[in-house]
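> My structure is below; once you've seen it, I'll send some questions.
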């Protein structure tokens, strides 16, 4: 009997059903050895000697594996087909050597398969190979690099920046991406611009829309119309003319399908379409790969999910093409198979793309065996795979130029329609729009009637914060990380409290910003994007047999250790002073620094770092103990172009608020920031929207009195007839509140008259913040939260008499 070793018990269970009793299948439960988390695990002074230890949680499984190996003659290592899998196989062999189970490797066989199916496993057993030491050494080099960086940088951080947790070779670069995006948003200056849109009618009274593109034979650029005055002037010019069709251009364009999924594109698409986290995407994909019980038969449903290769095996392509013809018809099948050759930067070993192991297993045919999450992800993979081999979509794009008779005004209209849906029938990229702005048939020289002219104000927007999908895309673009590490990098940053995920966008914490500033200032070379990508290329050279792994480590270590030693010698004040400029850029508004100390008057406020945060302290410390949070000072969001007011975020005794400052009149308006809004998420546009409250949303149809929606210290409200009605809604819902909904809220909270008491005072039942209450003149009697307000006049008068 032979022993076959895999990583996971789920994978073992699936494979065991494919093999006869000549094989015993056991699981290692992942990695079996690793570097101990202490100094000396990698010794640069001894040719980078590495000391491995058995992972504590793996000891139990190692004993079982050793016991099984002692009884079997041949050992097959069927760990995953990548560097990590190759390394696990090698570590298993090394442990068996230490245990004297094997003396040589003549009976050790390495087998790999890209999918866990009966045919794939049996074919792999027929074609074994030796362990690929180039792949093993690439993994060892990566692990040694990560160890050397972590165990060198982290102690420096702990000593020089109290409150910091750790730094890593790749995680620090990903953190820099997120922090620098935040800095871009902070320094972004909003610009105003306008577009002029028109509604026209052709000879057949068919309407269509066009935009102003040229004025006085000059093409209008984005910012040429930069204020309302210019926009109104152009509106009048457009209105004063008559129009005809100058030209009609029509062309057919093809849209080719996207390639099948690789790890990064699967993560991005599943995050965007299914709203899964990157971590969950990989967990569910692992389940689908390792095997699902389909009514008695356990089978792997997708190929290996950690890959950056786009190719699909010829046999699989043939099956996909056959399915396309059967399911959708011959017109959806291209004459020849598609070859997707797009290259990912620093792509490593050539694995197949992620695809179903059998395209004939349609999502609907196996839905009863899958969880909702598994079904959604499998369906996404199945559709993308099918679509990748389908015929192109064919679109008709029409562009129409409309001109004034005096040739001073040019309008343009464009539209598209789908002539043949092709792969759109199965899968559409989120960025691809449906048929847009369908235009009526028109001819050159045809007259047009101008119906309306609509000026529209726009403002440029800052770059968006990274989402899980977009940070993975960015890491892939610049060549940092690998399919197996994207999810881990994101998790580490969150676990270290360096970033938080708010509204599905990453926001760096103060601690994360400080670590980034420190590394940019004192280890700038090692957090450069190009350097990190270069190290990935070096690892690829090792895995391909074109570089010796210890030489790569040597070239990295010598300058890095010198850099670290020099920083260790620096004093705390030297560190903080060296970071001042970057701290000011990342944390402070203009004018925040070099202020006079309000306590001693002789000192100046300077930035200090403590326990992972930044604060202002007096330069006369320790004689003067004054400190102040940076956030207590104003943080400028920018200037509202329409009013000229600077918008600031401030913190007062009741929490954060917005201040609108008019530098001409010196008038200030304060607006509380509601609790449902994260202060770190507020940008200029959001602040302006909040500052516009209270605003009139309409008039009551019975009284013709205005109804307003507003924001106060205790939250959102509706204001009508000198009464406030609390709104338990989120920010966007309040801004978009419709009059009809406001009327319902007012009606449900209206006063109910029960009649009059003996003194002629009206007795009212009212519904307030704390429940129903009785109001009679100046007397108010609370009925309690559990009372439904259903009482008569007699009972109400009893309550009133009790308190009179």
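Placed from the backbone N, Cα and C atoms, the Cβ positions cover glycine too.
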> Among the residue ranges 166-171, 172-177, 178-183, 184-189, I'd like the one that TrEMBL describes as region 'Interaction with DNA'.
166-171
> In the structure shown, which of the recorded sites 31, 142, 143 has the fewest other Cβ atoms within 10 Å?
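Comparing Cβ neighbour counts within 10 Å for the recorded sites 31, 142, 143 gives 31.
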> Which one is it: of the recorded sites 31, 142, 143, 496, whose Cα lies the shortest distance from the Cα of residue 304 (active site, O-(5'-phospho-DNA)-tyrosine intermediate)?
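Sorting the recorded sites by distance from residue 304 (active site, O-(5'-phospho-DNA)-tyrosine intermediate), the top entry is 31.
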> I'd like to confirm something. Which of the recorded sites, 31, 146, 158, 496, has a Cα closest to the Cα of residue 306 (site 'Interaction with DNA')?
31
> Of the recorded sites 31, 158, 496, which sits closest to residue 143 (site 'Interaction with DNA') by Cα distance?
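Nearest listed residue in space: 31.
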> Could you put numbers on the helix, strand and coil content of the region 'Interaction with DNA' (166-171), residue by residue per DSSP?
1 helix, 0 strand, 5 coil
> Could you tell me how many residues in the domain 'Toprim' (1-116) are helical, how many are strand and how many are coil under DSSP?
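Result for the domain 'Toprim' (1-116), in helix, strand, coil order: 43 helix, 24 strand, 49 coil.
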> Calculate the distance in Å between the alpha carbons (Cα) of residue 496 (site 'Interaction with DNA') and residue 146 (site 'Interaction with DNA'), and round it to a whole number.
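Residue 496 (site 'Interaction with DNA') and residue 146 (site 'Interaction with DNA') have their Cα atoms 16 Å apart.
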